[in-house]
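**Student:** Structure provided below as structure tokens; questions to follow.
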Amino acid sequence: MTSSDQFNDASAKWRVRYERERKARKAAEQLLENKSHELWKSNNELADQRDRLEKLVEERMGELKRLSLVAAKTANGVIITDDIGGTLWINEGFTRVTGYTIDDLIGRKPGELLQGPQTDQDTVQIIRDAIAQRKSFNVELINYTKEGRPYWIRIDADPILNDEGLLTQYIAIETDITDQKNAEHALEEAIIRAENAAIEAAEANKAKSLFLANMSHEIRTPLNGVLGYAQLLLQSPNLTEKDRAQLDVVQRNGEHLLALINDILDLSKIEAGKMQIMHAPIDLPQLFSGVAELFTLKAAQKGLNLSFLILDGETGQVWSGGEIPNVLGDAKAIRQILVNLVGNAIKFTDSGSVNCALSIHSNCRYTFVVEDEGIGIEASEVNSIFRPFEQSSSNAVLMEGTGLGLAISANLVELMGGELTVNSTKGIGSIFSFTLHLESTEAVARNASSTTQSPWKQEVQQSKRVLIVDDNESSRNLLKDILEPLGFGLAFAENGRTGLKMAESFGPDLILTDIRMPDMDGHELCRKVRSMKRFSHTRIVAVSANVLDLPSERHRSFDDFLLKPIGVDNVINVVNKMLSDNEILKSVSVAKSVAAKASVTVSDAILKPMLEAAMIGDINALKRQVSNIDASDTELGHFRETVSTYCDKFQIDALCRYLESVQSDKEG
């Protein structure tokens, strides 16, 4: 190989080596450049991450600072413990509540210092169990301050866990709930007091009801004899005028005493919520004129001008709108209110006038006004007169009465949806008024043809028997004196047990039994009689002096009820009804036959005032009206004689039926 060839060969190898080294160097430079770029990029990313971390740390530090400030300044106590319950940190609120500082508590379990005699150990165990199970807990318990004062605390605690889920700390917020617990305790005591008061009130009401029941029974029972025999004696044809006048005094005073008792019992029923308002057809003009007739004589005796007017409520003029329709309402309640108001007006008026007006408005509204020129009422006493047993101080000394009339009237008006108001001036007079909404109804035709029998005109089968069971001898004798003249066979027993034995041997068609009796009461007697098949057709009527025994669910086993003092007419009517249903009594309708004769000759001028007086039981007015009928008028002779007989015997119910039958036959 020549030198030239060797040189060329060496040169070629050098070029190859050079090229390889150049490429390697270039690749190394490129790699270095890439690594430098990556390093730069990583440095930038690290810088960004550092900035973010620094910002996050700053935010967390700010948040922690704020939370620490809140925890430090909050009124609630905040405490942080380690995993075994040793205290690490407390806030100022904890110190304010407990009195303990961090130096007192550091490293110690809070319960060692805070718990005391009244701390509930069951609640303490709940806390221990929750910590052992690394759970949150919420409890209420009594702790003690550093000075030893007990207080109620609510603890809301949560565990703090590390990344591995291991418990590292507990943080608890403690709230002083002493005031809340005191309020709850006070409320509980108030509830207990209220419950005790309710029990006492119920017992008092029960005692009151028992007292009223006993009072009703003890007073009505002797009144039963007084009024019953007064009625029987007044029917005697052999009485002198002096005897009749004295018996009238007995009856009037007995009825006055009964009215006082009824007032007290009415108020009791109202207060107990047991007063029921009825809804039946009412002829308002007739009711109004009936009240007027009741007080005409009394007003005349005092020299007072008494007026009753029906007015047009829109114009204030005397009503000229034609026939006034019947309305649905409680006639007894309205009459009772008007009698109270008009009676008071006349009682407290010595001269001048008493005016009563009924104003008829549209939309079924009716306003009743009673105005007097009496002594009036002090302005300071106006509101108190509607309270039970209270009267105007200047009036109470001079006038009799219980002070219940206005209280009952106000309550009755309220029960009917109205309000009783008064406008009074001392020395000038008073105006009482109330407005009621009364729906109109078509006039109800009176069909009394089947009930116009005179209870004193009966053909009684001598075999019909009545058993009278009552522990009060005078009550038994009164029923005997009423029923014996009618021909009934009578038997008597003084209690339910004797009555049951008597019923088995006597076989009564009707039993009249008192309710309250020793040994066996009327209820038990009724149940035992009803259980015997042989007495399936025997009628049983309860007779009681206790107004609380009035018919109710408890008394459905009785066929009817008589309240003492019993009226003679009431006894006869109930007995008649009970036995007529079994076709035992064969009634002779004397009233109907007389009415047929008289209907064509009795004018409205005679008949209507009599019917109005009979409806309110005004015997004196009826007798005056009878005396005004010409005795020589033979066509009215039967009518005059029949009305006189009913008046003389005080058979008001029978008289009403008789007059209604006369009117019905006349209209028919």
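From the backbone N, Cα and C atoms, a Cβ is placed for every residue, glycine too.
The following feature annotations were taken from TrEMBL:
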type	residues	note
COILED	18-63	coiled coil
DOMAIN	63-134	domain 'PAS'
DOMAIN	135-189	domain 'PAC'
COILED	180-207	coiled coil
DOMAIN	214-440	domain 'Histidine kinase'
DOMAIN	465-579	domain 'Response regulatory'
MOD_RES	ASP514	4-aspartylphosphate
**Student:** Using a Cβ distance cut-off of under 8 Å, indicate which of 63-134, 135-189, 465-579 has the most pairs with the domain 'Histidine kinase' (214-440).
**Tutor:** 465-579
**Student:** Count up the helix, strand and coil residues in the domain 'PAC' (135-189) according to DSSP, in that order.
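**Tutor:** The composition, in the requested order, is 12 helix, 30 strand, 13 coil.
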**Student:** Which residue counts does DSSP give the domain 'PAS' (63-134) for helix, strand and coil?
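**Tutor:** Residue counts in helix, strand and coil order: 39 helix, 11 strand, 22 coil.
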**Student:** When the pLDDT values for the domain 'Histidine kinase' (214-440) are averaged, what is the result?
**Tutor:** 82
**Student:** ASP514 (4-aspartylphosphate) has how many other Cβ neighbours within 10 Å of its own Cβ?
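**Tutor:** There are 29 of them.
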**Student:** State the three-class DSSP label for the residue listed as '4-aspartylphosphate', counting H, G and I as helix, E and B as strand, and everything else as coil.
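**Tutor:** Its secondary structure by DSSP: strand.
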